[in-house]
Amino acid sequence: MESIEQQLTELRTTLCHHEYLYHVMDAPEIPDAEYDRLMRELRELETKHPELITPDSPTQRVGAAPLAAFSQIRHEVPMLSLDNVFDEESFLAFNKRVQDRLKNNEKVTWCCELKLDGLAVSILYENGVLVSAATRGDGTTGEDITSNVRTIRAIPLKLHGENIPARLEVRGEVFLPQAGFEKINEDARRTGGKVFANPRNAAAGSLRQLDPRITAKRPLTFFCYGVGVLEGGELPDTHLGRLLQFKKWGVPVSDRVTLCESAEEVLAFYHKVEEDRPTLGFDIDGVVIKVNSLEQQEQLGFVARAPRWAVAFKFPAQEQMTFVRDVEFQVGRTGAITPVARLEPVHVAGVLVSNATLHNADEIERLGLRIGDKVVIRRAGDVIPQVVNVVLSERPEDTREVVFPTHCPVCGSDVERVEGEAVARCTGGLICGAQRKESLKHFVSRRAMDVDGMGDKIIDQLVEKEYVHTPADLFKLTAGKLTGLERMGPKLAQNVVNALEKAKETTFARFLYALGIREVGEATAAGLAAYFGTLEALEAASIEELQKVPDVGIVVASHVHNFFAEESNRNVISELLAEGVHWPAPIVINAEEIDSPFAGKTVVLTGSLSQMSRDDAKARLVELGAKVAGSVSKKTDLVIAGEAAGSKLAKAQELGIEVIDEAEMLRLLGS
């Protein structure tokens, strides 16, 4: 039996070695036929000795039984998105912001990568073995695609090499090469199956198959671009260093990753990649530019849901020509009137486009647009279609002027445009059915009050039937009233009522965001909630006081102040509170007023804790006035080291930062 085990081990080692050479090093040593022969030999041996099959065997990529549905995986470290720039001027402005924020004349080097047009995934390895994989999802929670990811040959089931961390989350992009995409569509046309519009859709559809056996037949591949969870091990202190280390462990990394010493070198890299784009063999839509130093990344931090130390420099979007058949005007949540061009449908970058935004009246005037014109359409950022210009040389004789409305197309209220602003707005407020619908949709959305099951179509019907006028009216709904809506049976109606009841318990930050105050997104709402602590304090705040909140300037402060000065808004808030909407009392975290050994200190947690979860530890430290950071820098005051602490502990010792263990932390928390 020992000889069989040895034979299996040698075959698996040989196959993994050749997968590494093929997918990571791009330097295969053997023909595909020889690889296939070795795989057949391994599969035959494992069939005869199923008790010796291991989870990391190359044969285990073929796919398991179909799933009924995907389960959810919560990301321990959120998967953030990136801000975009679309021209050199915007990139240079980003470069200047980075330099200005560092304020210490430190040299910034940039790690530049291809922006792959695929699907972002996170892959967790424990002791070097792949244990789970998830999609990005909403950034905090993704779908469990472990079975499907295991079928992708480019992704190692087991890392090889030395000093592999106990827990390592590899992040990257799963994508479909152009040749594989064409083959899939060729097969689909021959068999009458689904034809995909572009490789990204094909990759996403392949990766989100409930049957992993289907995924296994798709030639998906993968490139790593970063790290999430890191426990029980060390990594280099530069982004490029980390990517090179991943490559040594067997994780595929693009060979186009380049270190640039200046903004000029970054621009040269961008233009070179743009030139090479047609010959790459897979789709990209730009380059990603990251500050290479991890210490500088820590100093720069994050804003909302994106890092300040990275940006995606997008390529010019693909363009097509078509005709404008009409221009209609939509009314948004804040009353903004947006002209929308109705187009003769045309395919742009693999997507059928029939509408395009015209932004505002100034944009229509700038374009000189008339109804009936031939126009150039671009998918800005490869996402939102917009009209780039009018083809004046081919203007038909029967074009018509675009007349911007003076009254709301929905409620008839006056349309006003404040001097200095580009946007015209309906003055109807919640009297306007369109504003009411959009405001309510925002109020119940996942990141606001998070009312499960309350979809857009339900909101539309509630407003049209005049069941609901303000957000507070939602909490007065009964199952009986809801059953009067289309496709709303008693069970679903009761589920919605239960969800509304559950949503009454929220947080101050979510509540503020749900109110839909102009210019107040999630990050600003969280900042206001943390600074003022109570609704009463925020309502009473002056414009000057509001500007003391980080990232709140005069414009946002004015919008917040004006919102709470409006009697109708205060009445809606009072009604919501009367209906039972509530949140926990604020936790005082003024370090100057807290008698705690952690007050005012920047603390970093590393390693695993045995007596409490990391989240609980963070919460207790924040309550006691600490700022909990994610990495060690010169600004760190204290490092708490649990079991298997790695690079953070080493860096703390190198910098002479105070280090305590979990037992000492618990003692201090108790004091």
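Just so you know, glycine gets a Cβ as well, placed from its N, Cα and C.
The structure displayed is predicted, hence computed values, not measured ones.
Taking Cβ-Cβ distances under 8 Å and a sequence gap of 6 or more within the same chain, the neighbours of K115 (active site, N6-AMP-lysine intermediate) are I284, D285, G286, V287, V288, A312, F313, K314. Look at Swiss-Prot and you will find K115 tagged as active site, N6-AMP-lysine intermediate, backed by sequence analysis.
Within 10 Å of the Cβ of K290 (NAD(+) binding site) there are 21 other Cβ atoms, across all protein chains. The NAD(+) binding site annotation in Swiss-Prot covers D32, A33, E34, Y35, D36, S81, L82, E113, R136, E173, K290, K314 and is backed by sequence analysis.
Summarising the annotation, Swiss-Prot assigns Zn(2+) binding site to C408, C411, C426, C432 and lists sequence analysis as the type of evidence. Under DSSP, C408 (Zn(2+) binding site) is assigned to coil, being neither helix nor strand in the three-state scheme.
The domain 'BRCT' annotation in Swiss-Prot covers 593-671, and the record cites sequence analysis as its basis. In this model, the domain 'BRCT' (593-671) carries an average pLDDT of 78.
Looking only at the binding-site residues L82, R136, K290, the one with its C-alpha closest to C426 (Zn(2+) binding site) is L82. Listed in chain order, the extra residues whose Cβ falls within 8 Å of the Cβ center of the Zn(2+) site residues C408, C411, C426, C432 are V331, G335, P409, V410, G412, S413, V415, T427, G428, I431, G433, A434, Q435. Note on C411 (Zn(2+) binding site): other Cβ atoms within 10 Å of its Cβ, all shown chains, come to 19. Reduced to three states, the DSSP call for L82 (NAD(+) binding site) is coil. In this structure, the CA atom of R136 (NAD(+) binding site) is 36 Å away from the CA atom of C432 (Zn(2+) binding site). Looking at L82, C408, C426, C432, the binding-site residues in this record, the fewest other C-beta atoms within 10 angstroms of the C-beta turn up around L82. K290 (NAD(+) binding site) and C432 (Zn(2+) binding site) have their C-alpha atoms 45 Å apart, to the nearest angstrom.
A coil conformation is recorded for R136 (NAD(+) binding site) in the three-state DSSP classification, outside any helix or strand.
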